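So the structure is just underneath, and the comments pick up after that.
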Amino acid sequence: MSANLVDRYVFTALRRVPEQQRADIDRELRASIEDAVDARVEAGEEREAAVETTLLELGDPDRLADSYADRPNYLIGPELYPVWRRSLMMLLTVVLPIVVIVVAVVQVLAEDAGFGEVIGSAIGTIINVGAHMAFWVTLGFWIIERTGAGKDDINRPWTPKDLPRYEPGALTRVQFAANLVWPAVLILALVLQQFTFTEVPLLDPANWNFWWPVLIGLIVLKGLWVFWVYRLGTWTRQVAVVNAIHGVVIGGVILYLLAADKFFNPAFPGFNGVEVDLEGWISVAVMITTGLSIAYEIFDVARKAEQARKGLGVKVPGTGNTYTAS
Amino acid sequence: MTTDATLASHLQELRRGTVVVASLTVLRTPGYGYSLLETLSESGFEVEANTLYPLLRRLESQGLLTSSWNTDEARPRKFYTTTAQGNAIADALRTEWARLDEAITDLSTTPVKE
């Protein structure tokens, strides 16, 4: 019975020890256990009880095996943990929302999905894509942790330059990226809706002669403007003025097209066969949203420029602190 | 955390590493796992078997110990001996230990500056 217990213990520990060390550890571990048991028996213990206490002191065989194999008993160590956390936070707070928005836009355009459907699939996307992000990032870091490959590349030493910039107006790298992704998504959606989302394109194909290329050009200009602001590192009056002009122009184009019934494709099947003038109502809704969001954007940039000019501080999110550049 | 638990965790922190010095020192005369465990606990080093046995193999793979199987007796045992390199390292560690001891003593006897 007691020999049995030792066998079970040793075999369990050896399962997780590298092959080439097994025979040696087997012999040594048995000898050590028997030495300890003998010492206990000599001190007057029952043999069976002595075996049990000895094994109890050696503890969990899996843990012992980890120790023999010199394996870390953690998933991601303290060296990589901050990088892992930062990467995952970036994915979940920046990339995930973008994916959710893109999926929602595609659904509305392609499948003519209703409000409930869009919300439902947004929740599904958050859970599904979020789980994938968490899993693959963690797996990647785990592999780096175990193999050490590329560890120095992603874990480069921190310098004060890495501190986030709180200067009024300066775009952080993440904001910059998000601001570039948005125009790209818009252009992509505009082009793709012509070909793939629906059999009959949602937007008026006649505009490809002139208005859609103009709109794409204007969106590209917005991207260049973002790049300009990022390089400049601060909001200035010029930035605000250019933004306002751009907003008025792009807003004017969209509003004109909507008002003149040239925006949506009149042949789009979703609009027909309904009693109400669906196209007209949607046009009004899009006009209001476009107008409001462009007006807000112009105001927001102007406010930031004004703040930067006066040297007012900015609120650092989540801390209640106000940072003032001096 | 209670005071006891705090003390225990600090003590553990302080003792970490002493087992290496002690083992390298004791094994200047060859010894096997269980005998070393006994010697260490008699000399007042609190060390668990499941820490010591893997540690011995690690020190061997670092070249600080060598080992050989002794099959003369009924029970074959793996004997470990400190190598020249192991001795040198143990010397360096002991010197550091002495330096730290001296430094701590200095700190605790120097009157507090106004």
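Every residue gets a Cβ built from N, Cα and C, even glycine.
Note on the transmembrane segment (A:88-110): residues 117-118, 121-122, 125-126, 129-130, 133-134, 137-138, 174, 177-178, 181, 185, 189, 193, 196-198, 202 of its chain, located 6 or more positions outside it, place their CB under 8 angstroms from a CB of the stretch. Per TrEMBL, the feature transmembrane segment maps to A:88-110 (among others).
Residues or ranges marked as transmembrane segment in TrEMBL: A:122-144 (among others). Proximity of distant same-chain residues to the transmembrane segment (A:122-144), defined by a Cβ-Cβ separation under 8 Å and at least 6 residues beyond the stretch ends, is recorded for 75-76, 80, 83-84, 87-88, 91-92, 95-96, 99-100, 103-104, 150-151, 154.
The transmembrane segment annotation in TrEMBL covers A:180-198 (among others). With a threshold of 8 Å between CB atoms, the same-chain residues lying at least 6 positions outside the transmembrane segment (A:180-198) that come near it are 98, 101-102, 105-106, 109-110, 112, 205, 208, 212, 215-216, 219-220, 222-223, 226-227, 268.
What TrEMBL records for A:210-228 (among others) is transmembrane segment.
As annotated by TrEMBL, transmembrane segment applies to A:240-260 (among others). Residues 204, 207, 211, 214-215, 218-219, 221-222, 225, 283, 286-287, 290-291, 294-295, 297-298, 301-302, 304-306 of the same chain lie 6+ residues outside the transmembrane segment (A:240-260) yet bring a C-beta within less than 8 angstroms of a C-beta in it.
If you look up TrEMBL, you'll see A:280-299 (among others) marked as transmembrane segment. Proximity of distant same-chain residues to the transmembrane segment (A:280-299), defined by a Cβ-Cβ separation under 8 Å and at least 6 residues beyond the stretch ends, is recorded for 240, 243-244, 247-248, 250-251, 254-255, 258-259, 261, 263-264.
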